[in-house]
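Notes follow once the structure below has been shown.
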Amino acid sequence: MANSTIAAGDTPIVTRRRKVVSRRRRRVQDALVAYSFIAPNFLGFAVFTLGPILFAFVLAFMHWDGSNAMTFAGLDNFWRLFEDKAFIAAFWNTIIYTVVSVPATLACALGLAILLNQKILGRDFFRTAMFFPYVASLVAVAVVWNMIFNPEMGPVNMLLYTLGLDPKDMPGWAADRHWAMVTVILFGVWKSMGYFMVIYLAGLQGINSELYEAADLDGANAWQKFLYVTVPQLGPTTFFVTVMLTIQSFKVFDQIYMITQGGPGTSTLVLVYHIYNEAFVSWDLGYSSMIALVLFFLVLGITVIQFRRQKED
Amino acid sequence: MRIAGQKLTGKLAAIYMTVILITIIMLLPFAWMLSASLKLSSEVFVFPIEWIPSNPQWQNYVDIWTKIPLALFIYNTSKLTIIVTLMQLFTSSFAAYAFAKLDFPYKNALFLGYIATIAMPWQVYMVPQFLLMREFGLNNTHLALICLQAFTAFGVFLMRQFYMSIPTELCEAARIDGMNEYQIWAKIMLPLSKPALSTLTIFTFVTTWNDFLGPMIYLTKTELKTIQIGLRMFISQYSAEYGLIMAASVVALIPVLIVFLSLQRFFVEGVASSGLKG
């Protein structure tokens, strides 16, 4: 580290003491400089992120409506979860949304990536087109989605009608409790598959082309090459994409708020929606924090799996 | 196409057909939006779809500016996005420098604090955060949203990972040349970290611009609203005026389209590199 300069003519003892003092002062100074680098971010982070996180864990064991005095609730909020039909619906809907939309998005993203990894004309344009829904403002595209899937007048059902589907059997999309989840999932897949396609494209480019040449020599066809070279080679990418998609699905809210508002009934109510309702509609802040903890443990579970897997690699 | 010996062209044709078909499906909602934005509300749902309106209602694009303060919403969103992005870039790269290149007490403990929250969904603590902001009197201010988004663990982590890859000898050499740490950060680290900075810019820009739940919780006054929630308000007020709603949606998409097309390369690189880390 830094050497303190020794002035000529000093006696050895004084030098040593001065050295110790200056080294200590130097260390304090270095630390202060380092803290000054961290401070702008850390102060904001501590106040607006760390604080609220700790508060969330406390609040889950309290009763509070935001204006009257807070009272200790013990495990009341926890037991309430099991009696709250809306919570149970929200929990399962979140799981269903995740279980369906994660593999669907993954498959579409991989398919697109393989298609657009070919040397074709206008490849960049096609890639951009696929990616655009991801960056497009959600409200604007969700409102179009609602119009296109309008059960009475929307072009999708009009098309089904011209194709000869009986109006009685027509899906009611967002207004139909059996189809609402499908509508929301379709939207989610459409909006985010371009993003994961880009991640897969990066993964595909990382595959050593010699592997394909070797497979060619062994007389493998395209499907075999996909199954025995591409898929295993993309393993880490697929794992990463799965984790990201799963966490993203656990947190789904915006599109549901815009398309179905959790309905009809509770058919598309999800965890974050329930947190939002309990907090900002019912002002039951303690209970809403308890639901938030459920979300936290779901995400934590996925993160732990990811962490273990990374350690293995 | 299916003539023997021309198998390759057949395959290629199939690829083109598939790609074009998928692209059309992906872009169809946007085409429909554009087309509907030039129609009277009564014509929007006419089937079969008249993709190019015979009687385009350009008036829709004039009316929206007077019916909703769209310009104000765009201004609010731009203001928030620019401030948040700049603060994020500054504070993250500043803190990341200390974590990557300096030694100080409690360094690991502090960094662990950041790491531990990276995977924490914002939705878990959005309610306590709102209560805190309300306590500070920040409800219905843009400052609340800035505080909420400007200091992220993700930013610090991303920048730190990049700084770790820059050789420490470079900093040592600069120190010997008499530079202090602030100068090293400004004159050596920042210029070298352009790729990481642009990735962070893109991510912050898109998240802030498209944020929905944050502004919905914090901003209830019309004059403060961002484009997302402003548009939603307009939709619920004029729910039957399909043509106008579509025109407003098109306008709301234009800024994103411009930013996206001009910075596309960085977008794609940023996303791709985030995937490679896993």
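Backbone N, Cα and C atoms are what each Cβ position is placed from, and that goes for glycine too.
TrEMBL has this to say about the protein:
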- A:32-62: transmembrane segment (TRANSMEM)
- A:91-306: domain 'ABC transmembrane type-1' (DOMAIN)
- A:95-116: transmembrane segment (TRANSMEM)
- A:128-148: transmembrane segment (TRANSMEM)
- A:179-202: transmembrane segment (TRANSMEM)
- A:288-307: transmembrane segment (TRANSMEM)
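When Cβ-Cβ distances below 8 Å are used as the criterion, the transmembrane segment (A:288-307) is approached by residues 56-57, 59-62, 77-78, 80-81, 87, 90-91, 94, 239, 243, 246-247, 250-251, 271-272, 274-279, 282 of the same chain, each at least six residues removed from its ends. Panel annotation: around the transmembrane segment (A:179-202), residues 93, 96-97, 100-101, 104-106, 108-110, 112-114, 116-117, 127, 130-134, 136, 138, 141-142, 145, 149, 171-173, 234, 237, 240-241, 244-245, 248-249, 252, 255-256, 259-260, 263-264, 267-268 of the same chain, lying at least six beyond its termini, place a Cβ under 8 Å from a Cβ of the stretch. Below 8 angstroms of C-beta separation, residues 112, 116, 154-156, 174, 183, 187, 190-195, 197-198, 254-255, 258-259 of the same chain, each at least six residues beyond the ends of the transmembrane segment (A:128-148), sit close to that stretch.
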